[in-house]
Amino acid sequence: MSQIVGTQAPGEVPGRLRLDRITKVFGSLVANDQVSLDIDPGEIHCLLGENGAGKSTLMNQLYGLLQPDGGQIQIDGVPVRFDNPRQAIDAGIGMVHQHFMLVDVFTVAENIVLGREPGTAGVLNLRAARQRVRELSRRYRLEVDPDARVEDLPIGVQQRVEILKALSNDARYLVFDEPTAVLTPQETDELIEVMRALRDEGRAIVFITHKLREVRAIADRITVIRRGAVVGEAPPSATESELAEMMVGRAVSLTVAKQPPRPQGPRLQVEGLTVTSPDGVVVVDDVSLDVAGGEIVCVAGVQGNGQTELAEALLGTTASNRGRILLDGADITRRDPRGRLRSGLGFVPEDRKADGFVGSFTVAENLVLNHVESFSRRGVLQLGRIEENARRLTEEFDVRTQSTTTSVASLSGGNQQKVVLARELSRPLALLVASQPTRGVDVGAIEFLHQRIVAERDKGTAVLIVSTELDEVAALADRVAVMFRGRVVGVVDAGTSREVLGLMMAGVPHEEALAAASVTTAAEEEARLEAEVAEHVAELTGHEPQEEQHG
Amino acid sequence: MSTTIRPHAETPAGDQPVRLESREERTHRLSVGVLVLLVGVLLAVLTLSTSGTARFALSDVFDEVQLPTLSLPGLPVVVLCALLCLLAGAGFVVGRLSSRLRALAGTVAGVAFLLGFLTWAAAGRDLPFPVSNQLSGTLTLATPLVLGALCGVLCERAGVVNVSIEGQFLTAAFTSALVGSITGSIPLALLAAVAGGVAMAALLALFAIRYKVDQVVLGVVLNLLAVGLTGFVFDQLVQPAAGELNDAPLLTPVAVPGLSAIPLLGPVLFEQNALAYLAIASVLLVWFLVFRTSWGLRVRAVGEHPEAADTVGISVRGTRWSAVLVGGVFGGLGGAFFSLAATGSFTKEMTVGNGFIALAALIMGRWHPVWATVMALFFGFVTQMASQLQTLSTPVPSQFLLLLPYVATVVAVAGLIGRVRAPAADGVPYDKP
């Protein structure tokens with residue numbers, strides 16, 4: 001793998017961008033440990049790794065946002081050094097950031113020309129800017145309105161702007177950092193088409209992701225990175241479980257063992273719930289939903305379609321305008337969050353760092369954070385009982401921490417989430433609401449968290465999971481409620497195909513989605529067969545690109 | 001299991017999201033309504049003490065063209081204004097007005113309150129209310145406020161909160177008085193004011209951008225520093241030799257030939273001192289800089305989303321520094337007003353909170369140079385009105401008069417402006433990833 005590549009004569013592949021033994025250290029953490037990577041024109045190179053494996057750190061060095069502590073970057077065999085993004089951009093490197101680097105209140109044109117504004121004597125020429133955007137848009141067939149304000153655009157279009165911004169500097173090496181996290185499956189397909197078209201023009205594409213399915217769909221080459229170091233390359237034909245094993249370092253099961261649900265009567269009843277944002281936009285629109293005890297209902301949808309607000313309205317931190325929430329038949333709509341927690345609501349927030357725990361508090365303190373009154377007598381904390389509780393829970397939930405007095409901020413994402421879940425599940429619950437329960441959590445911990453959630457279901461608790469990851473929905477759900485623009489488009493069975501769910505996530509009602517999906521799947525099947533035949537032919541004639549697996 | 005499924009068939013990408021009144025908006029609407037109603041009630045109470053005719057003089061004795069004095073029947077006008085306020089307030093409270101109707105109701109309420117209040121104050125008095133004095137005084141008093149607000153616009157658009165406009169004023173007032181006294185030259189005194197303002201701005205930039213000090217605390221500290229420093233030097237050096245060191249040339253009103261002869265407008269707009277003209281030009285200049293130049297685009301970018309600016313190769317710190325220093329130029333000119341246009345000398349703490357009013361104008365003007373100017377003019381108007389009314393010897397204590405206009409300010413701001421949105425990264429130091 002990397003070492004072998006390293007011994008080849010430099011510049012063997014014209015236009016090759018090479019990261020050569022890049023090392024980056026933050027304090028005591030080695031974020032990148034001698035990482036080597038070759039990025040070749042005309043190739044889609046997938047960089048696969050878990051959250052926190054060091055992918056983004058590596059790419060930030062390539063883009064000049066960070067400077068490596070060791071190793072070098074070479075283009076065509078010539079060492080280059082990027083002290084700032086401008087130098088990287090001038091060398092032909094472009095980046096489509098995970099969190100879009102767009103100024104919300106600017107127009108599309110202003111965003112695209114920012115940093116290289118057309119004009120004379122410092123006076124901005126907005127007409128030329130618009131013209132530039134139109135030309136780019138036409139050339140790459142990525143349609144955008146140059147005068148639209150970015151904040152008014154849907155996420156998929158914002159990403160298009162981000163791509164055009166990189167292309168406007170004529171990037172030859174394009175890095176896509178987790179680009180599909182915010183897209184529907186259909187938008188993801190479109191993005192994959194765009195990436196292929198750019199590759200076919202001779203550009204080099206680096207695709208950073210932790211989603212195995214996408215890697216297999218698109219990669220010409222896969223490099224797996226774990227704990228800051230390259231683990232090895234994998235052929236695009238590798239199976240998902242092979243890739244997962246390389247990524248995690250041990251065999252992982254990607255499915256949760258789970259009995260069929262035994263739903264009892266409805267425990268959570270939501271009736272006509274409507275929530276508005278502070279400026280009056282309806283974000284949850286007349287949602288009615290039941291969750292029975294002993295079943296898991298997943299709310300699926302693209303980020304920003306009202307799921308967050310729905311979860312917050314269930315907890316009571318966001319006020320609802322209309323509608324009722326019943327828990328075990330009791331109307332809790334007017335209760336405050338504390339009252340709802342006491343009625344048997346367990347809540348795992350979407351952003352655990354901001355809302356899930358107090359980072360500077362210890363593990364033990366965080367584990368009693370929302371029911372501290374039961375661990376105190378006359379207002380004085382009973383430290384012994386808190387400590388005992390912490391010991392029991394850290395063991396039960398396999399929280400990897402040095403001690404119960406370690407601050408939660410210093411734990412890994414997966415262990416932080418275990419602390420949050422342990423706290424919520426340590427009380428008898430009627431309803432568990434969990435938003436993105438495994439976001440930013442390593443694959444090993446995902447397995448564990450999913451098992452605990454299923455176990456809670458089997459105790460008879462009603463479970464509502466909000467997730468934007470279809471893999472998670474498939475793993476957990478007994479029923480799926482799909483949300484689009486604040487409405488529940490439909491509630492469907494767990495077995496519903498990805499295509500249908502994807503269409504529903506774009507607002508297509510269930511029946512129509514079913515009809516449309518059966519057409520696309522037939523067409524896709526045909527395309528897949530064709531590709532397979534081509535692959536066989538290539539194998540026979542020996543024109544396969546080099547893809548021996550090392551390591 | 002009861003699940004409402006609504007078909008959501010055709011959803012074109014660009015359609016508008018559904019809107020409902022949110023709790024925040026409802027609270028805002030109701031509080032504005034109640035406030036406007038209270039103002040209406042106040043006017044209604046004032047009708048009890050209104051008698052006689054209210055006279056408004058449109059020109060004073062020195063003007064070339066003499067305009068007639070306007071006479072309004074006191075009681076009917078105040079009653080009408082009270083009714084208008086009550087109506088507008090009721091409109092806010094009762095129903096959801098469209099944004100256009102809401103702006104109209106807010107404007108009507110504001111104008112009605114001012115007119116009603118002035119009529120009440122002028123009714124039955126011996127002297128007419130001098131309208132042209134009122135307006136030209138407005139512009140004069142607003143001059144430092146406008147310049148200070150422009151200084152703030154530049155800083156805060158770039159993401160640096162500037163609470164130290166007051167300190168920049170004071171420092172510039174001092175340096176310009178000193179240099180003006182020594183050289184006797186107004187241009188040199190203005191240059192010294194700019195230098196003083198820029199120096200204070202440089203301190204702000206250094207600690208806010210480089211050392212990432214909390215910007216509000218920093219602003220307060222810089223204000224105290226300016227008070228202490230100018231006070232100390234003034235006591236030690238200037239005061240003992242006040243004849244030579246504290247006798248700056250005074251900016252006198254300059255009439256623009258021709259234009260100053262226009263009835264009413266002429267004396268108001270074209271018989272001002274040089275700094276007032278400079279302030280008007282500065283508004284246009286800052287607007288142009290911020291919205292029509294590459295530099296302005298970059299300034300706004302680093303104030304909204306510094307990471308985005310950084311990733312396209314813009315130096316966030318460099319751009320912020322430049323914006324704060326350019327802001328210092330206007331802060332300095334604003335400070336020069338106090339020593340060069342108002343008094344011709346420096347006294348300790350002579351800026352008396354004007355920097356903070358400029359800050360308020362900037363925020364109420366939504367970080368926009370033109371709106372900030374409008375707000376600055378409003379504050380100037382209010383201050384001038386209070387002093388005019390004192391000379392009319394109205395029957396209420398002058399402190400009360402000084403208070404009332406601010407009620408109008410709150411009403412106007414709450415009703416017309418509503419929620420304001422600061423630049424997203426205002427006050428947030430930039431840390432590289």
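Each residue, glycine too, has its Cβ placed from N, Cα and C.
Annotation comment: TrEMBL describes B:1-20 as region 'Disordered'.
Positions annotated as transmembrane segment by TrEMBL: B:30-50 (among others).
Per TrEMBL, transmembrane segment is recorded for B:70-94 (among others). If one looks beyond the transmembrane segment (B:70-94) by at least 6 residues along the same chain, the residues whose Cβ comes under 8 Å of a Cβ in the stretch are 29-30, 32-41, 43-44, 46-47, 50-58, 101-102, 105-106, 108-109, 112-113, 115-116, 119-120, 122-124, 131, 415.
TrEMBL lists B:101-123 (among others) with the feature transmembrane segment.
Among residues of the same chain six or more beyond the transmembrane segment (B:135-155), those with a C-beta under 8 A of the stretch's C-beta atoms are 161-162, 165, 168-169, 197, 201, 204, 264, 267-269, 271-273, 275-276, 278-280, 282-283, 286, 289-290, 299, 323-324, 326-331, 333-335, 337-338, 341, 351, 354-355, 357-359, 361-362, 365, 367-369, 372-373, 375-377, 379-381, 383-384, 387-388. Here TrEMBL flags B:135-155 (among others) as transmembrane segment.
What TrEMBL lists as transmembrane segment is B:167-184 (among others). Sequence-distant contacts of the transmembrane segment (B:167-184), counting only residues of its own chain at least 6 positions beyond either end whose CB sits under 8 Å from a CB of the stretch, comprise 144, 148, 151, 190-197, 199-201, 219, 222-227, 229-230, 233-234, 238, 244-249, 328, 331-340, 345-346, 349-351, 354-355.
Long-range Cβ contacts of the transmembrane segment (B:190-209) within its own chain (Cβ-Cβ under 8 Å, at least 6 residues beyond either end) map to 151, 155, 160-162, 164, 167-169, 171-176, 178-180, 215, 218-219, 222, 225-226, 317, 320-321, 324-325, 327-336, 340, 429-430. Positions annotated as transmembrane segment by TrEMBL: B:190-209 (among others).
Marked as transmembrane segment by TrEMBL: B:216-234 (among others).
Taken from TrEMBL, the feature transmembrane segment covers B:274-291 (among others).
The transmembrane segment annotation in TrEMBL covers B:323-344 (among others). Sequence-distant contacts of the transmembrane segment (B:323-344) (same chain, at least 6 residues past either end, Cβ-Cβ under 8 Å): 140, 143-148, 150-155, 157-158, 160, 162, 165, 168-174, 176-177, 180, 186, 189-190, 193-202, 204-205, 208-209, 247-251, 273, 275-276, 278-279, 282, 286, 289, 299, 302, 350-351, 354, 358.
When Cβ-Cβ distances below 8 Å are used as the criterion, the transmembrane segment (B:356-379) is approached by residues 138-139, 141-142, 144-153, 156-157, 162-163, 165-166, 283, 286-287, 290, 334, 409, 412-413, 417, 420-423, 426 of the same chain, each at least six residues removed from its ends. Per TrEMBL, the feature transmembrane segment maps to B:356-379 (among others).
Positions annotated as transmembrane segment by TrEMBL: B:400-420 (among others).
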